[in-house]
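Student: If you scroll down you'll find the structure; I have some questions about it.
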Amino acid sequence: MLRRRLNRLFGGDEGRVHSRTIYVGHKSCPPNEAYIPPKFCDNRIVSSKYTVWNFLPKNLFEQFRRIANFYFLIIFLVQVIVDTPTSPVTSGLPLFFVITVTAVKQGYEDWLRHKADREVNEYRVSVLEDGRRIRKMSAKIKVGDIVEVEEDETFPCDLILLQSSRDDGTCFVTTASLDGESNHKTHYTVADLESDLQYLSSTIECEQPQPDLYKFVGRMHIYRNSQEPDVRSLGPENLLLKGANLKNTQKICGVAVYTGMETKMALNYQGKSQKRSAVEKSINAFLLVYLFILVSKALVCTTLKYVWQGKHDEPWYNEKTQKEKDTNQYLKMFTDFLSFMVLFNFIIPVSMYVTVEMQKFLGSFFITWDKDFFDPEIQEGALVNTSDLNEELGQVEYIFTDKTGTLTQNNMEFIECCIDGFQYKHGDGSSELDGFCVTDGPVNKIQQKAGREREELFLRALCLCHTVQIKESTMHRQDQIDQIDQIGQIDQVDGLGVDHEFLHPPQKEMGFIASSPDEIALVKGAMRYGFTFLGLESKNMKILNRNKDVETYELLHVLNFDPVRRRMSVMVRSKTGDILLFCKGADSSMFPQVRQEEVERIRMHVERNATEGYRTLCVAYKHLNAQEYARADADLREARLALQDREEKLMAVYNRVETDMILIGATAVEDQLQDEAAQTMEALQGAGMKVWVLTGDKMETAKSTCYACGLFKKNTELLELTLRTLEDGGRSREERLHDLLLEYHKKAVQDAPPVKLGITRSWSVAGHDYGFIIDGASLSMVLSSSSEPNSRRYKNLFLQICQNCTAVLCCRMAPLQKAQIVKLVKNSKGNPITLSVGDGANDVSMILEAHVGIGIKGKEGRQAVKNSDYAIPKLKHLKKLLLAHGHLYYVRIAHLVQYFFYKNLCFILPQFLYQFFCGYSQQPLYDAAYLTMYNICFTSMPILAYSLLEQHICIEVLLEHSTLYRNIAKNAMLRWKLFLYWTALGIFHGLVFFFGVRFLFSNPALQDNGQVFGNWSYGTIVFTVLVFTVTLKLALDTRHWTWINHFVIWGSLAFYVFFSFFWGGIIWPFLKHQRLYFVFANMLSSVSAWLVIILLILLSLLPEILLVVLRKPRGPHARQMKHRLPSSGTSTIFMLSQTASTHSFSWSD
């Protein structure tokens, strides 16, 4: 009593205790005690990132964390404060544009999140207070409130089920938005409660909030008439989770135990963080190099300026004012340094960020416009939620995929069964319809079927051993029987089932609901052969047999499925009083529990079905005498009331009962794969990506799916780390885990042959293929071992094993565990690029955690689509999205980045060299108009068009040869080797431009009238050579010419010539100094100037042209692909990026 009072007093301090006490209906218990309301969080959901008050500071802080944005801000402030050679507008306007566009985009996205939160929080729900039913907002629900939910409504918080409108005290829910399973799950009310909840006086003691969807431990104390309280144990079967939907039940009442951000759904939600691509990280690294070059140039020029001034007297025409003489020498040096920084600032390409943003935004439309992504079934195409990660699609190394609804259609179909070794296959072949079947054995001869008694026993097992319910409908039971009779008559007339041994499914199928789709498939399979399940009424199961008689069985106990046992059973009593146990389960768990003489007849059938990718289950039965049943009944009731080690005690009883059974047969059920799922997986693995399947489903189902879509092959050795393997050997789980990890590490890592460079293990012929299987419970042990050093070691061993396996399957995963797996791989050595693909709300956490998140527009709501970066209608579209779009996006943007740094280095190097010839006086080489327009107008459009339209290889070739994807893997086109090549090219061109024009100027008279050119003519000639060279360099790199490319390349050059004539041909009243007045026209009047411009352009591009012409194609596919390129010509840079690859290619005419 004292402990309960203390718990109540400190109920709000959840950090001190491991459980919480909840007062049902906020009533004191016992009634004569004072009620102190405990403090819990309210039911508000918050997924937004900003508020009205913190948006501006928080958003600006996040944006200025980008090194480029911060740098440009500093430069802008320097231009405003210090007297610099260029205007602050040159750096301020682009910066303001980028910041504004990004802020508007992020603000809009957050407004949508606020809107979604408001819809959830203001949703009206029914709450029972003092016997009255009142409506209140979902956000106002408190822990302890009794909430009423009606059919098809969503549970507003986590509830313990107290009352149901169904007579048997159950309700059905779907949890598609939580774990991706769209099947109906059965939940149970707490036994023996008052029918009127107004008079219920009870408390619930349960664990603190935790994210595991499948675990819940608690107990309920019910107080009646001052007696000792009755205690009821509570488990996950009593807990209704927020986000799940009530189905096939008119209404329920439940008490709120977890609310708001403490619900299991909220705890499994991974907050959306801003994702950055690998290209952006490369840009930042390159930016630091160019920043270092910039600072070095400014330091050199500042130092040399004062050295030069020390050797030369001040010229008479440039005497210092008194104010300049009085200025502190060090301050003057610092301002000179800043002035040089601003003068050379154009080496850092501020406009590149604007161009990259535009390229990403406009480029994303090509995904949404792609007709191959259009799905006629849902009348939708692909969707791009963020354009920031287009190029990341070309860098994926690990793919994490959900199973249900992503790899499969979540549509189970009964294929065949085997009774006593005889195969029964539903199809159009005459042998099956005429009453014959094929036996599984060394001789494939036609034989008679199994005995009629065995057939009926097997079909009864399928009709009784399940948790299927008939969906409530207005059709009367007798009407259903009549309908089935009519269908039977039709079949008889057609001569397809003379003695009703074979029935087609009803034309209007009865509505079945179950916790697993394969259970429905088995019940429907039994209907094909004449046994129809009519439903469960008051613990009585009714089936219609082949003779159209209704058989009734009393349901005594259900021995639920669990992943360790991998079986489920029912105990039923027939009308004659016989007690039967029917059991079905995986072959590996059933064979040891049955009499061994029956095993061999079934084993070959099961193994053949498993290799065909079907989900197989074995079926057995057992007669129980009165003493056996009485003991089992007592043991089961005692175990179910246990508060400690309940699962272990139930398991012991289940294993004791399910022994010495008689094996009847086996079934094969197919979970149909998505269209082209196997081909998609093969292509992705061929491209060098490793595929991991993360699912909340059972291991057997997931394993057969992996076989069906080719992730596991026939010769793949499976390494299993599940609860079942940890239980083997009679040692503690921790010790067994340690031993298994070491054993698997030795097999897959230490003893594995070395893999050749550039070839993944799945493509190596010599290597032995391994597949790894782990379940959620084992993963928890790996990730959170009792000791810190062990935990770190286990993680490393686990990662190394997985990275050396061709495919990995993680089953029975909670949503947060999926995200943990992705995070583990993402942060492993080398920081590989990860991609997650899923279709349900249970996949949201891993979609948000991965570098790239893909949502499938499936049947399980649109949560995954809303939270993804890209959404596609079907899994098959992932192939083109990565191998074609991803590949091209990466090549385009990589070229864009390198080209921008190159053209700005060409631009500013002559300006730096010019300082050596003008006394380091900060004299600009180019006119202010040229400085401003170079990146904005003269050279911006050609590279933007290139980065949107370039196809260095045809899309058809990229899809046909998936290995081409490996050539750009690991950021191949933005490595330091290539960056240094572009930098060297920029330095070479800059030197050619400056010294080539200087050589021209060694002739003092360049005009017919004997006049000499001035410094602005010098700069204009350099600038003309520069603009033509960098534009023609891009034209050489372009391999896919469209009218747009022609228009922007030749149009940009024409615009430069037109602008130069126009700018220098008019007297502009708003300019104090018109430096270029008729300079361009005079320059072009000189034949020497024309000759030098043409020669310098040719000289700059000559090495590039020679490299293209002389380089021969090489690589295994070079000859056949040469004729399939969009256009002739090749890029030297692209060829250079291939040199490190084993599968390297280059093409030219």
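Each Cβ is built from the backbone N, Cα and C atoms, and glycine gets one as well.
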Student: Transmembrane segment per TrEMBL sits at which of 887-907, 929-949?
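Tutor: It is 929-949 that TrEMBL describes as transmembrane segment.
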Student: Within 10 Å of Asp843 (Mg(2+) binding site) (Cα-Cα), which of the recorded positions Asp402, Phe561, Arg615, Arg812?
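Tutor: Within 10 Å Cα-Cα: Asp402.
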Student: Under the DSSP assignment, what numbers of helix, strand and coil residues are found in the domain 'P-type ATPase A' (122-263)?
Tutor: 16 helix, 68 strand, 58 coil
Student: Using C-alpha atoms only, work out the spacing between Phe561 (ATP binding site) and Asp402 (active site, 4-aspartylphosphate intermediate) and round it to an integer in Å.
Tutor: 22
Student: Quick check on the domain 'P-type ATPase N-terminal' (37-91): DSSP residue counts for helix, strand, coil, in that order please.
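Tutor: The breakdown for the domain 'P-type ATPase N-terminal' (37-91) reads 27 helix, 0 strand, 28 coil.
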Student: Any idea what the Cα distance is from Asp839 (Mg(2+) binding site) over to Arg615 (ATP binding site), rounded to a whole Å?
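Tutor: Approximately 22 Å lies between the Cα of Asp839 (Mg(2+) binding site) and that of Arg615 (ATP binding site).
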Student: In the same chain, which residue numbers or ranges, 6 or more beyond the ends of the transmembrane segment (285-308), come under 8 angstroms Cβ to Cβ?
Tutor: 67-68, 71, 333, 336-338, 340-341, 344-345, 347-348, 897, 901, 905, 912, 915-916, 919-921, 974, 979, 983
Student: Expressed to the nearest Å, what is the distance separating Arg812 (ATP binding site) and Asp402 (active site, 4-aspartylphosphate intermediate) at their Cα atoms?
Tutor: 11
Student: By Cβ count within 10 Å, point out the most packed of the recorded positions listed: Asp402, Asp839, Asp843.
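Tutor: Ranked by Cβ atoms within 10 Å, first place goes to Asp843.
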Student: Can you tell me the mean pLDDT for the domain 'P-type ATPase N-terminal' (37-91)?
Tutor: 81
Student: Checking distant contacts: for the transmembrane segment (64-82), what same-chain residues at least six beyond its ends satisfy Cβ-Cβ under 8 A?
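Tutor: The answer is 88, 90-92, 94-95, 98-99, 283-284, 287-288, 291, 335, 338-339, 341-342, 345, 348, 350, 353.
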Student: Determine the most Cβ-crowded residue among the binding-site residues Phe561, Gly696, Arg812, Asn842, using a 10 Å radius around each Cβ and all protein chains in the structure.
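Tutor: Of the binding-site residues Phe561, Gly696, Arg812, Asn842, the most buried by Cβ count within 10 Å is Asn842.
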